[in-house]
Amino acid sequence: MTSAEDLRATVADQLTRARARSAALTDAVDDDDLVRQHSKLMSPLVWDLAHIGNQEELWLVRDVGGRDPVRSDIDELYDAFKHARAARPELPLLGPGEARGYVREVRDKVFDVLERTPLEGARLLDGAFAFGMIVQHEQQHDETMLATHQLRAGAPVLHAPPPPPGGPVGPPEVLVPGGPFTMGTSTEAWALDNERPAHQVVTAPFLIDTTPVTNGAYTEFIADGGYRDPRWWSPTGWEHVQSAGLTAPRFWSRSGDAWHRRAFGVTAPLDPAQPVVHVCFHEAEAYARWAGKRLPTEVEWEKAARFDPATGRSLRYPWGDDDPTPEHANLGQRHLSPAPVGAYPKGVSPLGVHQLVGDVWEWTSSDFRGYAGFEVFPYAEYSQVFFGGDHKVLRGGSFGTDPVAVRATFRNWDYPIRRQVFAGFRCARDASPEVARGAVEG
Ligand code: AVJ
Ligand code: FE
């Protein structure tokens, strides 16, 4: 059992780690760059910073702490539902200095609230959950700010060591047996509402790629005329690829026969062994059809990631129930790119699937909806307002996702045309009866 004091120390440490990352992302650029809009898809960095502070004020200072507002006059400016990202630069936002002062003032009060909030007994889940939710919220916006950095023009300002080298990955596909498994969670303390509750799902046997699709494999799709052949695209995808003029993943460029990729201001030859990143759902779907496969459903993705055939149990992570370490997965912005396939042998799932968590978010074929038994917690605007079929589910987290903000049950979502997310994909296919034989449970 975790004592209340251990929990308090863990929360304090996670708040501090998140803030160090927010500070690094916002201190890396000058004030002009902080208030500028680098892409219509993104907020100015200074909006994200004050929004992080405002959500923390709403949930921890006012709600959990019962304290007076710090700045109730700015709630409206930092309400994500009141102003679209494209309109945020025109708002009378707090300037860089004011925003930094504001988040500091809120954080000081939050540490005071944390000291005085009983985290034991019946209140443990409620009290601690609000802190966990806010830690995850800040880390999610940090990944969003990292995506803004990737869209920013100009000289590099972020630096990190390269990811570890690739390694052997075994066969290209593995068979996932048919039968039931437990999807979602009712016990993971900081799981968000859309990951709940745990429920049984039955799948047919299927094959799933051992690794995410690599740059090298993706260039073959391009070389084969994939972007010009309507056979591979859904009607919506084909319309989009033409109207948007897509010819390659975002940030790719060709010089002669060689592909290059720009990442955080540095243009370098494409690493054929790294997972492809910055593709939209339509590109992922088209590649899969070209390859004679399809995208996994999110049910299939989660089964491949969690199902342990030895026990029939669902694990917290592909490698087991232990929290992620740097040996398990490429998470936490330790590197500024996905790692080559095979770089994380300790992160492999029981069925032999690599790099499900970390490296790149993976598009699935599923629409974002609530599970049976879904209950809004703690507020409808976190996920429920996005249910309904406009968004596709992404799984597994990227190199820019902090370990506290991803689990094997974690569900991300975005519009199928979006490419600014650190998103790639892997393929799946139905198992033929011969392949499936002997793999069906029971
Ligand atoms: C889960 C990444 C889609 O950024 O829109 C941040 C997370 N929710 N603030 C988003 C979120 C509220 C969300 N995603
Ligand atoms: Fe937010």
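Our numbering is plain: 1 for the first residue shown, then up by one each step along the chain.
Each residue, glycine too, has its Cβ placed from N, Cα and C.
Just so you know, TrEMBL annotations never went through curation; they're auto-generated.
Record features, source TrEMBL:
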| type | residues | note |
| --- | --- | --- |
| DOMAIN | 14-145 | domain 'DinB-like' |
| BINDING | His51, His137, His141 | Fe cation binding site |
| BINDING | Arg85, Ala86, Ala87, Arg88, Asp414, Arg418 | gamma-L-glutamyl-L-cysteine binding site |
| DOMAIN | 172-429 | domain 'Sulfatase-modifying factor enzyme-like' |
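Sequence features annotated in TrEMBL and their locations in the structure.
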residue : record                                   : Cβ contacts under 8 Å, 6 or more apart
His51   : Fe cation binding site                   : Ser43, Tyr78, Ala80, His141
Arg85   : gamma-L-glutamyl-L-cysteine binding site : Lys40, Leu41, Met42, Ser43
Ala86   : gamma-L-glutamyl-L-cysteine binding site : Gln37, Lys40, Leu41
Ala87   : gamma-L-glutamyl-L-cysteine binding site : none
Arg88   : gamma-L-glutamyl-L-cysteine binding site : Gln37, Ser43, Pro44, Trp47
His137  : Fe cation binding site                   : Ile52, Gln55, Glu56
Asp414  : gamma-L-glutamyl-L-cysteine binding site : His391, Lys392, Leu394, Val421, Ala423
Arg418  : gamma-L-glutamyl-L-cysteine binding site : Leu41, Cys280, Phe281
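Those same-chain residues not listed among His51, His137, His141 yet with C-beta within 8 angstroms of the centroid of the Fe cation site C-beta atoms are Asp48, Ile52, Gln55, Glu138, Gln140, Thr144. Cβ contacts within 10 Å of His141 (Fe cation binding site), excluding its own Cβ and spanning all protein chains shown: 24.
Using DSSP to sort the residues of the domain 'DinB-like' (14-145) gives these counts of helix, strand and coil: 94 helix, 0 strand, 38 coil. When pLDDT values are averaged over the domain 'Sulfatase-modifying factor enzyme-like' (172-429), the model yields 97.
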